[in-house]
Amino acid sequence: MKLFFRYVNSRVWSQAGSSHFNKALAKGPKTTTWIWSLHADAHDFQQSSSESTAASVGAKVFSSGLAHFSIVFFWLGGMHFHGAYFSNYSAWLKDPKTPGSQLVWSLVGQDILNQDLGGYFQSIRVTSGFFQLWRAEGIVTQVHLKYAAAAALIGSIATLWAAYFHMHISWSSSLRTMGSLSSYNAGQLAILAGLGSISWAGHQIHIALPINRLLDSGVDPSQLPSPQDLLFKDLMQVIFPGFGVGPAVDFSIYLNQKGAASEVGLNPSTGSIYLGQIASHHFFVGITCIISGIIALLVKRSKAGSFQDAAAFNNSWHSRLSINLAIAGSLSITFAHHIYAMPVYPFCGSDYATVLSLFVHHMWIGGFFIVGAGAHASIFMIRDEGVPAGIPSAKGRLYSVNSIIQQLLAHRDIIMGHLIYVTIALGMHAFGIYIHNDTLQALGRPEDIFSDNSIQLKPLFAVWVQSLPSLFLLNTLSGDAAVTGIPGFGLEVLDGKVVTMTQELGTADFMVHHIHAFTIHCTLLILMKGVLYSRSSRLVSDKLELGFRYPCDGPGRGGTCQISPWDHVFLGVFWMYNSLSIVIFHFFWKMQSDVWGVYDVSTQKIVHLTGGDFSVNSITINGWLRNFLWSQAAEVIQSYGSGLSGYGLIFLGAHFTWAFSLMFLWSGRGYWQELIESILWAHHKLKIVPNIQPRALSITQGRAVGLVHYMLGGIGTTWAFFLARVVALSIS
C-alpha cells in the first residue's frame, strides 16, 4: 500500500524521470530544441530512454498500448454519452434518416449550426455511422447507451491506471516476460482473436439477431424485450419457431431463417447484408483463427531457406510492427470498399453522408498505416538487423547469407529499376492521355479525344473481374437471380434511394485507374527505396552509422541531402496523400454520378445526384477542376449564414493551415536562422529575454512541421468540402 501511494501523486506524474528520457530530455526545456526533441523522441523508447534494455522497452511498449486503449475507451464513451443524452436515436430507430447527436450551445450565434433533423429535433448531422452500428448491436434505448458510456469510462480509467502502473512500477519477472517478443506469439494472438470473434458472433446470434428481427417486422422499439429476456427459451421460440431443440438444430434454424447465411443479397427492410450472414461470418472467422493459431503453435518451422529470417523478425519490435501496420492498413482499405459495395450496417447504404465519411476515414487510416510500415521497416534495417556476409553488426546480431533480407538487398538495384520503369511508364501514359484530351478539346477537336463517344479505351479486364461473383453463383442460382442477388449487382433501393447498383465502367474509369496505379507505385517506390537503401547507398556507404534521420550526409560528398530513411518516409507521406486524394475524389464523383440517387417508381428510372456526368467530364484535367472541384464546392463556399457554415469556416481555416506549411517546405534553414536571430536581437534590445532560449529549426524539424501542417490542412479542406456537399444533398 505504501508503494501504491508513493507513485500516485501529481509530483511523480509530472516528473520526466531519468529512467523514461535520456539526460538531455530529463533536464527539461532549456531551449526550444527540447520541444522538438520531445516530439521526435518521446516514444522512441530504444533511443530516448537512459534505460533501454529489452525488458524496459517491452514494459514501455506494453504501457503505451494500454494508454492507447484508454484513449479509445474514452472516445467510445464520448460517442455513447452524446448518443445517450444529446441525440435523436430513439426517434431515428422509428425513422432512420437523419441522425444527430451534437447539440451546439448558443454563445455568439453558434446555434445556427443546429439543423432541423425532423421530429422537432435540432442538432448537427452526424456521419460517424454509430447509429447504424448501435442498431446492428441490438441497442434500442438510450438507457443502454448510458450503460455503455459508463462501461467505456470505467475501461478508460482502468487501462490508464494499468498503463501508468506498468510504466512506473515493475517486477523483474514481469519485465522478463515483456522483454521477450515470444510473449506476443502470433499463434496465441490468433487464438485470442478467434475467441473474440466467436464471442461477438454469440452476441449477434443471441441478442442482436432477435432484436433486429423484431425491428424489421415493425415492432415499436419501446415495446421490445430487454436483452436479458432473450436468454429465456420461451421468447426465442416465439421469434424463431422450432428453437430450443439442440445446438445443431438451433444453429441451422438461424442459418435457414430468411436473412441468414443461405440467403443472398441485401435485407429489403434495412438495405444491408442480413445479420445472420454477419454472425456466421464471425463464427467461421473465429474457428479459422483458432485452428490457424493451434497449427502455428504446434508446427515447428524448418531452419532452411527463407525461415532463416525467423530470428531477426521474432526479436525485433520494428519488424513485427511493420508487418502488422501493413496488414492493418490493407484491411482498413478493404473495409472502406466494403462499406459501399456490401453495406453491413442497417440503413447505412442509403445514408450517403455516412458512407462517404466511413470510406474516406478508413482510406486515410490505411494510407498512414502503410507509410508507417515503411518507416518501421527502415528502422528495423538500421537498428535490429546485422550486416551482409555474416559479419557481426554493432548490435551483435548476424546476417544470414541465404535470408530473404539478404536476397532483397542483393537485388535491390534490379527491384528499384523495375519499380522506376513501371512508375515512369504509368505516369507518362496516364497523364499523357489526360493532356491529349485537354489539348484536343481546347483546339475544338472532340472527335479525336479518348472518350466513350470517340476513341474508346474499354477496361475489359475490370469488367471481367466485376462479373466474377455473378459467374461464380450461376451454378446455384438461375436467371437474373445470379446477378441481382449479389450486393453491387442489379439495383437495390431503400425508401426510394439507391443503395447499390452495377457501376458502368468506361473510358473515364480506365484513365483514372491508371492514375491510381501510377500514384500507388510511386508511393511504393519511395518507401521501398527508403527501406532497401537505409543501410548504405552508392553515394553514402556508411548510412548505417548515421541512423534513421539526419538532414545531410556531411561535407566532402557533394552535399547529398534528403537521403535518410526519415526523408523517404517524409516524401512517402506526400505521395500517399496524392494517392488517396485521387481515390476519394474519384469515389465521391463516381458515386454521385453513377450510383447515388432517387429511384422514380413511375418512370422506373434513377435520377442520379449529378446526372451521370462522370464519364463525360472526368476525361480531362479541366473537367476535374471545373465540374468536380469548383462546381461541387458551391455548397461549402456558399455555406455562410446556414447550418453548414461550420464547414465553410473549416474550409477556410484548413486552407490557411495548408498554405502555412509551404513556408516550412519551401524555405531553407538559413531563413529560420535569420528570423530567430532577428527576433532574439529585438528581445535583448528591449531587455525581454525568455527563460527558454529560442533556437532556429533544423532542416529535419522544419520539414516535419511543414509535413504536419500540409496533412492537417489538406485533410481538413477535403473533409469540409465533402461533408458540406453531401449533407446539403442529403437534407435537401
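Along the chain as shown, the residues are counted starting at 1.
Any Cβ shown, glycine's included, is placed from N, Cα and C.
The shown structure was predicted, so the numbers you read here are calculated from the model rather than taken from an experiment.
As written in Swiss-Prot, here are the features:
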type: BINDING; residues: C552, C561; note: [4Fe-4S] cluster binding site
type: BINDING; residues: H655; note: chlorophyll a' binding site
type: BINDING; residues: M663, Y671; note: chlorophyll a binding site
type: BINDING; residues: W672; note: phylloquinone binding site
type: TRANSMEM; residues: 61-84; note: transmembrane segment
type: TRANSMEM; residues: 145-168; note: transmembrane segment
type: TRANSMEM; residues: 185-209; note: transmembrane segment
type: TRANSMEM; residues: 278-296; note: transmembrane segment
type: TRANSMEM; residues: 317-340; note: transmembrane segment
type: TRANSMEM; residues: 356-382; note: transmembrane segment
type: TRANSMEM; residues: 414-436; note: transmembrane segment
type: TRANSMEM; residues: 510-528; note: transmembrane segment
type: TRANSMEM; residues: 568-589; note: transmembrane segment
type: TRANSMEM; residues: 644-666; note: transmembrane segment
type: TRANSMEM; residues: 704-724; note: transmembrane segment
(message) Measuring Cα to Cα, how many Å separate M663 (chlorophyll a binding site) from C552 ([4Fe-4S] cluster binding site)?
(response) 20
(request) Verify whether three or more Cβ pairs under 8 angstroms connect the transmembrane segment (185-209) with the transmembrane segment (278-296), leaving out any pair fewer than 6 apart in sequence. (result) yes
(request) Starting from each candidate's C-beta and looking 10 angstroms out, tell me which of the binding-site residues Y671, W672 has the most other C-beta atoms. (result) W672
(message) Would you say the transmembrane segment (704-724) and the transmembrane segment (356-382) are touching, if the rule is that at least three C-beta pairs must lie under 8 angstroms and be 6 or more residues apart?
(response) yes
(message) Most Cβ neighbours within 10 Å: which of the binding-site residues C552, C561, M663 is it?
(response) C552
(message) Using the alpha carbons only, what distance in Å do you get between Y671 (chlorophyll a binding site) and C552 ([4Fe-4S] cluster binding site) once rounded?
(response) 17
(request) Name the secondary structure element type, per DSSP in three states, that contains C561 ([4Fe-4S] cluster binding site). (result) strand
(message) For H655 (chlorophyll a' binding site), which of the listed binding-site residues (C552, C561, W672) have their CA atom within 10 A of its CA?
(response) none
(request) Could you tell me which three-state DSSP class C552 ([4Fe-4S] cluster binding site) falls into? (result) strand
